[in-house]
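Here's the structure, in structure tokens; my notes come after.
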Amino acid sequence: MTTAPDPAAPHPPARPGAGAPEPGAVRALVVEADGGSRGNPGPAGYGAVVIDQETGETLAEAAEFIGVATNNVAEYRGLIAGLEAARALAGAGGGHGAPVATGTPGTRGGRESPGAPGAPGISGSPDVPVPAVPVQVRVHVRMDSKLVVEQMSGRWRINHPGMRALAAEAARIFPPGQITYEWIPRAENKHADRLANEAMDAGARGERWSAERSTAELDAGAARSAAGAGAAATAARSTDSVGGSGSAGGSEKARAAGAVAGASAAPGASGAKRASAPAAGWSGPDLGAPATLLLLRHGETALTPEKRFSGSGGSDPELSATGREQAEGAAKAFAARGTVDAVVTSPLLRCRQTAGAVADALGLDVSVEDGVRETDFGAWEGLSFAEVRERFPDDLTAWLASTEAEPTGGGESFAAVTSRVMKARDRLIERYAGRTVLVVSHVTPIKTLVRLALGAPPEAVFRMELSAAALSTVAHYRDGNASVRLFNDTSHLR
């Protein structure tokens, strides 16, 4: 059994690297960080490395086993450790042996907790000012966690209190004008990934990670990539104001400015309108009728009762006899309630057949929305979970542990699916404002829409049961708030 290290014990030292820059020179640092959880939640750890942008040389490393935690907590802990290491180098002038604190208050034992006293976003806690950092220091963060990069850039909401506290802690380490963020593929984050795995391995042995025993190396290609990325970010900063929203030069690089504001108020957002919207309440203004999405999963196919992966990259099966009966049952129920203004469907056949049955009963046309199609499961299409586990155990484990991992053979990650589903949701909300629309879709998109409405973490999709032809309902208001009114209702099939 793995055990978490004593929180009161000294933090493991970072591995020191190169010396200080010339006096008066601008110090450009690249931070690469990664976190992992073997179980999600499960035994978790992080790794972080600080690199000299100009030379690609490793300046410091940090890693720690944090006990039982989710993958997202580990990713944020890695970011915080990397930024603290960079700040220690900046404060010490970059000299040899600069002390690096790898502990992160607010996540004791690796579990999500309210955060350090005074963290923005924690009720009743005073704001903590961002400490002064030498203006000649610039930091470019590279991570393979789309979630962390987008949340720290202010483009995605941070609904979970634990994540909000961690994001606020990370945002306080450097002023927003001195830091940029970039998403990178996992293959370009090998150094930090190796450190995170070393930390978890050490934790499994009941030990602390040791820099002396580390075998993690930054290959030359990654070093050059890191240096180039940092240089690009520095160049972009001269043409894109720090206070602006969106990406620099059309790339995925973003500002951390939104993270502080998002952590101290209504955190994060998928767009500027959502970020600035006030929270709805009983005493709030009349927001009018919401855009109500009736989320109907398609009826059964031959693959449904066998619980086989059936996404957008497979055989596109039609409804079975049972599935057609379910579609007719849904059609009768919707015709009786008479509240549907429009019908929208995924382009896949099983959804189009289900939507067609309902639309015929209602006398409505059917529109196709590609964004609500099912995940592309790559080489797993048509296989059962047991078969995938037997044939592709490592890929399946990675997929279950990280929203960035893709199914074998180039399928879609949960992060990619979430991104397109959010865009489809926003289109539907705008198009059907104040109306009720039936959206016929699949397991993953419907669970994702419900998860987003609840502000639940990505792993929540594994804890929802969604039956064939089941109905879920989410109402979206003009101020950006959402209300889940129904989930997995199959009463119309009885």
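From the backbone N, Cα and C atoms, a Cβ is placed for every residue, glycine too.
Range 200-222 is the one annotated as region 'Disordered', of 39-61, 177-199, 200-222, 407-429 (source: TrEMBL). Counting in whole angstrom, Glu374 (active site, proton donor/acceptor) lies 11 from Arg350 (substrate binding site) by their C-alpha atoms. Across the structure, His298 (active site, tele-phosphohistidine intermediate) and Arg350 (substrate binding site) place their CA atoms 6 angstrom apart. The C-beta environment of Arg350 (substrate binding site), restricted to residues of the same chain at least 6 apart in sequence and closer than 8 Å, consists of His298, Gly299, Thr301, Asp316, Pro317, Glu318, Leu319, Gly323. Away from its own ends, the region 'Disordered' (304-327) comes close to residues 298, 348-350, 353-354, 357-358, 373-378, 380-385, 388, 407, 411-412, 442, 444, 468-469, 493 of its chain (Cβ-Cβ under 8 Å, at least six residues beyond either end). Its own atom aside, the Cβ of His298 (active site, tele-phosphohistidine intermediate) has 29 Cβ atoms within 10 angstroms in the protein chains shown.
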